[in-house]
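To start, the structure itself, in structure tokens.
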């Protein structure tokens with residue numbers, strides 16, 4: 001493959017620092033030292049996160065709207081920490097230039113913070129050293145503990161276990177390998193361990209239902225059968241001659257180098273300009289996106305990022321009801337990022353990599369090399385027209401800019417992609433990859449009926465993959481042509497009944513915008529019957545000179561999804577932020593996370609309830625979009641699933657005076 005690789009190490013200060021640049025390794029280390037000294041000697045803190053505290057929007061907005069760089073650099077760190085003795089939590093702000101703590105806020109008792117880098121090792125040590133766990137594993141024939149793989153995760157729901165409420169609890173499903181590189185997801189066992197993470201203590205061992213019913217084993221050591229048959233995807237474990245011989249690689253090249261320019265974290269690509277940010281929770285953040293419209297630089301987005309990813313499982317048998325996974329708010333989409341490679345992960349022309357820096361439970365910096373990848377590729381035809389009279393064809397290829405990173409969260413690997421197109425549209429998409437999270441199935445019993453809540457992947461004793469959903473919610477802080485924006489829900493409907501004067505033949509239809517004036521009104525769902533979309537207007541009083549309509553962008557919901565948890569379920573309050581396809585709220589500082597900062601039944605439902613009648617017309621607004629996948633597993637998903645894609649578009653609507661891609665060079669040929 002012919003490509004050029006450019007690497008930017010974001011652990012080092014950029015030549016021209018900007019207030020939105022991610023924290024460097026030096027800054028993370030400094031912040032943790034200052035915080036530790038502030039609490040010493042009474043508390044040696046456990047750090048959940050150490051990240052940039054962004055300057056207030058009001059400080060930076062004028063510079064974004066004027067397309068200028070701020071003349072100042074403020075550098076503050078925001079950390080969430082825990083006292084391992086009392087389990088109390090704190091939010092701490094550090095002035096990095098002044099080298100001092102400026103704010104300490106104690107969290108409400110029981111507030112749960114993100115998992116840290118280091119929790120996994122603590123959980124594994126507790127589980128594998130527990131005598132009861134060892135006895136159970138030995139009864140299964142699993143005597144080599146180095147091949148046992150605990151899968152610790154969030155407890156999810158403790159409403160039926162009040163003794164665990166307010167504690168930092170993990171539930172740990174157990175798997176194992178037959179040998180190195182073996183796919184341990186194929187080897188599940190029949191119990192789950194419950195661990196107090198901060199106390200480093202085993203709290204309970206629970207039996208799993210191992211048939212298709214709700215019943216669990218009553219044997220002294222539980223279910224002792226295990227699935228031993230290997231189901232591998234790693235090439236090192238597959239037989240000689242396994243792979244196809246007729247696959248010829250496709251190469252990519254880009255003569256003359258990239259079309260983009262990078263200065264620190266600022267990227268310019270053709271007519272777009274934006275800044276790249278990164279943090280442990282959200283991962284990649286896009287700041288200050290604007291577009292040069294023939295010399296007129298027009299602002300589009302102040303900030304855009306993934307706000308949350310919620311994965312509920314549809315197996316109603318306890319304890320599987322607790323599998324409510326909040327991948328961003330609990331595990332950190334950013335801190336689970338992995339290193340990317342040019343050919344398998346980023347196959348385009350000139351490839352540019354950024355390292356990223358996250359922090360451990362000790363507050364120490366960890367660099368993930370080449371975690372963000374940026375490249376250009378060819379995505380097919382952008383425009384084409386064949387002139388039948390002159391036998392002349394005009395074709396423009398679709399060259400696009402892709403900024404991507406991948407998070408490996410348990411059994412899933414999510415590839416996050418923000419994609420800029422030459423027609424001024426922006427696409428955000430997620431590629432779901434990896435393995436469906438399987439559970440142990442000892443036997444079908446007498447039943448030959450397929451299970452209702454999942455799909456059996458292998459002969460028994462084997463595994464079953466439960467039905468589940470992936471609900472992504474992206475936060476878009478829009479600044480379409482400025483700070484005063486308005487959102488309309490647009491439905492396409494018939495223009496009256498057949499036989500009426502305006503629709504005599506019944507074939508007329510029209511687009512009807514409904515201005516979303518308040519947060520309580522601006523909670524809306526997709527509607528395929530009306531081809532519903534959402535328009536974000538700039539100044540609503542400023543009309544396009546040709547269409548006489550407001551100028552803006554619209555959100556095309558390409559992957560709408562409906563939450564399958566019942567509204568009256570006790571599980572629902574914690575995930576009510578995914579009840580609607582689109583929410584619109586007035587901008588408020590620090591309202592970044594759809595489910596609330598700590599996923600404690602807060603976030604969007606609470607914010608809307610507190611200001612249901614706030615003004616959303618001609619003001620600073622934030623649009624939240626929920627999209628995703630309802631996944632009924634297929635046997636073809638195993639041992640590794642083919643990629644599945646979900647996403648949405650932001651496309652200009654009556655924003656330009658003509659197709660903004662008309663000046664992209666194309667190809668002409670005659671018959």
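Placement of Cβ uses the backbone N, Cα and C atoms for every residue, glycine included.
In TrEMBL, annotation is done automatically, which means it is predicted and not curated.
According to TrEMBL, the active site, proton acceptor annotation covers 327. Taken from TrEMBL, the feature active site, schiff-base intermediate with substrate covers 412. Sequence annotations record features per position, and here TrEMBL assigns domain 'Copper amine oxidase N2-terminal' to 18-103. What TrEMBL records for 114-207 is domain 'Copper amine oxidase N3-terminal'. For 252-661, the entry in TrEMBL reads domain 'Copper amine oxidase catalytic'. The annotation 2',4',5'-topaquinone is assigned in TrEMBL to 412.
When the neighbouring Cβ atoms lying within 10 Å are counted for each of the active-site residues (327, 412), the highest count belongs to 327.
With respect to their backbone Cα atoms, residue 412 (active site, schiff-base intermediate with substrate) and the residue listed as 'active site, proton acceptor' stand 10 Å from each other.
In this model, the domain 'Copper amine oxidase N3-terminal' (114-207) carries an average pLDDT of 96.
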